[in-house]
Amino acid sequence: MYGLLRRLLFLLPPERVHKLVFAVLRGATAATPVRRMLTRWLGPTDPVLASTVFGVRFPGPLGLAAGFDKDGTGLDTWAAMGFGYAEVGTVTAHPQPGNPAPRLFRLPEDRALLNRMGFNNHGAGALAIRLARHHPEVPVGVNIGKTKTTPADQAVDDYRASARLVGPLASYLVVNVSSPNTPGLRDLQAVESLRPILAAVLAETSTPVLVKIAPDLSDSDVDEVADLAVELGLAGIVATNTTVSRDGLLTPGVGQLGAGGISGPPVAERSLEVLCRLYQRVGDRLTLISVGGIETAEDAWDRITAGASLLQGYTGFIYGGGLWSKHIHDGIARRLHQGGFGSLHEAVGSNAAERGRPPS
């Protein structure tokens, strides 16, 4: 059924469909009785799926990745869609329109998306007001980025301002320095640039702070960011963002679409590689959230057993439909029971030793 609906929706421009579908989801979950019914039906109800991570209780490990609900206008929607949590944003200290359209493209042969949205959002202040007015049934993290017009040498103050506004209201904060769609942003992943940003955010809030990294980092850069995260006392790392690589894509004409980051299956292999590397290096000290190319319950299970305590998806939701998160959670629960695991935590990293030696 959803396959037919998806084919019809894919006849329309992607960003228009996003706005339409998002509006429908918000409308369908606006009434409290309906929302509660959907949450009971679609949500992760098996106790084995629940876990407490950096002091926050998550009913299920799969969350909505940042980018879908940029301004937190669907805060009451995501539990009813079966997610164990949601990450809203990316928001910036100042409102901004993002990049000119068209800026979102489908790669159907790859079941992927290409976007160059550019952090279009209403600002951290507007999100803070929404967070203060709503009490979602699942944890809500906030992803913060740099305002495009803010010079790199003022990035610390920009991130600090966002953290001050939304930090007290979020379940956790993610410092996004890995989007390819804000000029110069990825340069902030260099340790000498990243250190003062993370230190400023940590000083501004007692909320757990994580950093989101790109799949295109070299292994040595991944190691340096991981070591910095441990040194500063971050809660964890989100790995990974979209990739700028075009290697192996099947959809014709991708080269004519222009710049942007690709999400979905094309990033899956590298995302898993980065996860494995991080777990071997800092998995005993940091929480790892895996995102990038998760489509099936088997994909999700691979990430958990490789070291991810939590998972996120966006593109899989687009291609998988409204039952996607339920199918993922049901599949994880089934594998936990079949494997004799008493909890999700017991399964995290259970297959890591078979994936290679720790990095030198």
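A Cβ is built for glycine as well, from the same backbone N, Cα and C atoms used for every other residue.
FMN binding, as stated in Swiss-Prot, involves A66, G67, F68, D69, K70, T90, N176, K212, T240, G264, G293, Y314, T315; the candidate among N115, N143 given for that site is N143. Taking R116, G118, N176, S179, N241 as the recorded positions under consideration, the smallest Cα distance to N143 (FMN binding site) is found for N176.
Listed in sequence order, the residues of the same chain lying 6 or more apart from K70 (FMN binding site) and placing their CB within less than 8 Å of its CB are V88, G89, T90, V91, N120, N121. Under the three-state DSSP scheme, N143 (FMN binding site) falls in the strand class. Cα of R116 (substrate binding site) to Cα of Y314 (FMN binding site): a distance of 15 Å. The number of other CB atoms found within 10 A of the CB of N241 (substrate binding site), across every protein chain shown, is 29. Comparing the Cα of G118 (substrate binding site) with the Cα of every entry in A66, F68, S179, K212, Y314, these being the recorded positions, the smallest distance points to S179. If you take the C-beta of N176 (substrate binding site) and look for same-chain residues 6 or more apart in sequence within under 8 angstroms, you find A66, G89, T90, N143, I144, G145, L185, K212, N241.
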